[in-house]
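K.L.:
Input: one structure, supplied below.
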Amino acid sequence: DYRFKIGTIGEKKPEDWIVVEGQHEPLIDRMSFDIVQNKLKSRQRPGQTNEISLFAGLIKCGECGKSLTIRYTNAKHPQQIYSCKTYNAFGKNHCTQHRIDYDTLYSHVLRKIRECARAALMDGEAVADRLTNTCEAEQREQREAMERSLTRDEERIEVLDKMVMRLYEDMIAGRISEQNFNTMLEKTQTEQTELKAKVSEGRKRLSDEVQLANDAKQWVEAIQEYANITELDAATLNRLIKEIVVHERIDEDKTRHISIEIHFNLKPIPEVEQVTA
């Protein structure tokens, strides 16, 4: 006698899921996973054919800072090109076209990834050291400014702590009413809470920057896998690349010079490719 209970199968919302992390060996490290997931969320903009562009969310105009959008040149002989969003909307008086063929961009990015991967394979330690030094040089001024700001906030927190003690003393001594005490205490504690949260976040950011050397080594290990890559996909681009910046210079004879900066994650110094049209 076999008895079965037939019920309904439904979908649970993500917030209702029970997730237990760390139970299996991860396929990729957490840093790479987070980078890819965050980038993919920002790349869900379909083009004219309702397809998601491979470089969506990554490619920017080097002059106005807007995105370069993909389109087709014409219906008879369709060719995918990227051009500046500002130029498309407002014309050449606001920005130049910054036109670059999809195939040209694709081949340059693919080649640069292979070059960096092979360099990392040849001398990974030297590449990691260079990345660390570059990041530290770029972030030194920002770090010093943040340190000064955090020091001021921490000094202010100490002042507020003393103010709270004086408020209690004044209330006990009858120098202020309980109502005034509660009002002033609430205001002081609100400022304390905000400053402590700000300091905590700032200290965490500074601590994260100390991990630059470790992050650089992870980047080297990650890109080594792509020494013989033959095709690009969104996951690879989002794991390795922070953004692609396209600059345009036009000579007096109307010759267009396009330079492509490929900014890798954890690599502020751009790898530049020149294209003349």
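Note that Cβ sites are derived from N, Cα and C of the backbone, with glycine treated the same way.
Taken from TrEMBL, the feature coiled coil covers 128-156. Taken from TrEMBL, the feature domain 'Recombinase zinc beta ribbon' covers 54-114. Taken from TrEMBL, the feature domain 'DUF4368' covers 211-265.
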K.L.:
Going by DSSP assignments with H, G and I as helix and E and B as strand, what are the residue counts for the domain 'Recombinase zinc beta ribbon' (54-114)?
P.N.:
19 helix, 16 strand, 26 coil
K.L.:
In the predicted model, what is the mean pLDDT computed over the domain 'DUF4368' (211-265)?
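P.N.:
Taking every residue in the domain 'DUF4368' (211-265) and averaging pLDDT yields 85.
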